[in-house]
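Colleague: Please see the structure below; I have some questions.
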Amino acid sequence: MQQIPALFADFSNPKKRVFFGYLLLAVALALVWLVAARGRSWRAAFVEVFDKRVFFSRSALADYQIFLLNRVFTLFISPVLVSQLAIATALFYALHDVPWVRQGQFSHLPTGWVVAIFTTVLFFVDDLSKYLLHRWMHRWPLLWAIHKVHHSAETMTPITVYRVHPLEGVLYAMRGALAQGTTMAICLYLFGSKVDLYTVVGVNVLSFAFHVTGSNLRHSHVAIRYWAWLEHLLISPAQHQVHHSTAREHHDKNFGAAFAVWDWAFGSLHLSERDRKLTFGLPAKEASATNVLDIYLRPFADMARVVHRRMKRLASRWRGSQT
């Protein structure tokens, strides 16, 4: 019973996307958008935002079950995962053996500069690592077998961000520890004790800005678009919805989390389209949207098939080289 509050701790943690304050702001943004940009009445906007066909769809109900099951899994697995502090400590001491880098090389810089640099670099590196892992999960069949759980959602709510296979959760946790731990170690080594973050309610100010400007609407049915020039820089909610679209021209587009510049640079950017009706989900032969047991177990079978096919190809090549 003591663990029950921990299952819902993300809703009271400003470091998490589904913090209740961010959710309330997302609702406010959605309402204002629908009224100001789409011409809805306030009543119609309210009905659209809280559409029960979305929040009580079979896909959404599966999301809620996955959220709870994954939270239980996280409580057990988190203590055994490598932490960012462990990575930062190991790398910090390893840097002492690099002859061309001097400890405290930039410690003479004003504290404000150091804090601004660290705050910005940490956010950018973390976001780039999210982009790279997300892209690999679409391009590498072994990882796609896991990631397609997320894309099986046929309707999207803010809780859909938790519709991930536990193995993907582990990969993203390791990604965060590596990206943030590496950044911390390098900055501490170069800038010394001046390293700190600009924060709001204990959160990196850039992460805070990302969340208060509608991060929760990325997984929603409210397609807030940005100006075209801004969608080259920042991922809009509508752009992430394009990423989930079943339309072939939208496949493998908009991998970015906060920044669109990574997609722009690597050729995976797709701007949102006004009034484009999108459908979400995957064919039943790929993944189930509603069967929770299938959602958890099918990826293992799919990964086994990927490995089996790869082994057959390798064996075939080896036999060919012997003739």
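Placement of Cβ uses the backbone N, Cα and C atoms for every residue, glycine included.
Per TrEMBL, the features are:
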type: TRANSMEM; residues: 18-36; note: transmembrane segment
type: TRANSMEM; residues: 72-93; note: transmembrane segment
type: TRANSMEM; residues: 113-133; note: transmembrane segment
type: DOMAIN; residues: 120-268; note: domain 'Fatty acid hydroxylase'
Colleague: Do you know the DSSP helix, strand and coil residue counts for the domain 'Fatty acid hydroxylase' (120-268)?
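Modeller: Secondary-structure breakdown of the domain 'Fatty acid hydroxylase' (120-268): 96 helix, 7 strand, 46 coil.
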Colleague: Who are the long-range neighbours of the transmembrane segment (18-36) in its own chain, taking Cβ under 8 Å and residues 6 or more past its ends?
Modeller: 10-12, 42, 44-46, 48-49, 158-159, 161, 211-217, 220, 222, 224
